[in-house]
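One structure below.
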Amino acid sequence: MRGGDIESRGEKNRGNNHATSYAVEDRDTSWVSWLIPLFVVANVAMFVVVMLYNNCPKHDHDGCVATFLGRFSFQPLRENPLFGPSSSTLERLGGLEWNKVVHQHQGWRLITCIWLHAGVIHLIANMLSLVIIGIRLEQQCGFVRIGIIYLLSGVGGSILSSMFIQRSISVGASGALFGLLGAMLSELITNWSIYTNKVCALLTLLVIVAINLAVGILPHVDNFAHIGGFLTGFLLGFVLLPRPQLGWMERRTLPAGVRVNSKYKAYQYVLGLLSLILLVAGFTVGLVMLFRGVNGYDHCHWCHYLSCVPTSKWKCDGH
């Protein structure tokens with residue numbers, strides 16, 4: 001998405017010297033994306049393992065879907081309409097389940113759940129989103145920073161989800177994906193000066209985020225994982241994705257004695273520091289509340305509307 005909004009510095013700096021053009025080209029150097037494709041392969045491989053373990057024909061001889069797949073066939077649609085395994089299989093293999101995390105001290109589920117998917121439809125939707133969003137970000141920002149944002153956003157989504165969703169199992173990479181969306185937004189804000197059509201870019205990104213969060217108010221969708229992942233990625237973007245000033249990039253070509261600009265602008269330092277403080281505080285408070293068994297609804301009675309809004313067409317599960 002950002003590709004069409006980054007200003008064409010070649011035109012903006014037309015008439016500048018060759019050294020300036022070189023510095024701009026160096027600033028826009030892109031990385032080869034390999035981590036996001038690896039994440040996709042890992043998620044697909046994990047789904048294959050889950051279906052191999054699930055082995056529907058062994059436990060449900062009559063109702064399995066696509067029986068020609070043998071032990072990879074899906075659970076009956078009445079049980080799982082997403083064409084996937086049983087909930088018990090997901091629970092055994094690392095799905096996020098509040099009781100096991102809190103009372104059985106299985107905190108590792110906060111991480112493992114982001115590699116599991118409820119079915120083929122769930123998997124395809126998430127992996128397509130990951131490819132569309134993640135590869136471009138990795139090419140622009142590098143695998144280290146995007147990998148950190150993806151993983152920490154997934155965990156952040158898991159923490160918030162398990163604080164509110166305590167009666168069902170949650171799986172999926174949605175929190176991590178929303179973290180990438182959040183990082184795109186904060187990257188746009190912190191690097192505001194290098195964009196053209198910046199207002200249009202901001203509004204477009206906000207609309208995309210709003211639509212995706214709005215989908216989360218439908219029943220059986222874990223919007224708390226979306227929100228937790230988005231907030232984590234948004235804060236991490238200010239910490240990890242600021243771009244250096246052009247003057248700092250040119251420092252090696254400037255004559256001796258010429259004052260060099262600081263690497264980042266003052267507001268980038270301020271935003272990065274505040275975001276880091278909020279991020280550490282949020283994770284600390286969230287983990288403490290989670291492992292003490294605190295129910296998020298006890299402190300936020302209206303928060304159930306963030307995950308499901310009842311209408312005449314559907315009802316929300318009790319919390």
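Just so you know, glycine gets a Cβ as well, placed from its N, Cα and C.
Here's what TrEMBL has on this protein:
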type: TRANSMEM; residues: 31-53; note: transmembrane segment
type: DOMAIN; residues: 105-242; note: domain 'Peptidase S54 rhomboid'
type: TRANSMEM; residues: 114-135; note: transmembrane segment
type: TRANSMEM; residues: 147-165; note: transmembrane segment
type: TRANSMEM; residues: 171-192; note: transmembrane segment
type: TRANSMEM; residues: 199-218; note: transmembrane segment
type: TRANSMEM; residues: 224-242; note: transmembrane segment
type: TRANSMEM; residues: 269-291; note: transmembrane segment
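If one looks beyond the transmembrane segment (224-242) by at least 6 residues along the same chain, the residues whose Cβ comes under 8 Å of a Cβ in the stretch are 141, 145, 148-149, 152-161, 163-165, 170, 172, 174-187, 189-191, 209, 212-213, 216, 264, 268, 271-272, 274-276, 278-279, 282, 306-307. Mean pLDDT, taken over the domain 'Peptidase S54 rhomboid' (105-242), works out to 90 on the 0 to 100 scale. According to DSSP, the domain 'Peptidase S54 rhomboid' (105-242) comprises 107 helix, 2 strand, 29 coil. With a threshold of 8 Å between CB atoms, the same-chain residues lying at least 6 positions outside the transmembrane segment (147-165) that come near it are 35, 39, 96, 98, 101-102, 109-111, 113-114, 134, 173-176, 178-180, 182-183, 222, 224-233, 236-237, 240, 282-283, 286-287, 289-290, 294-297, 303-304, 307, 319.
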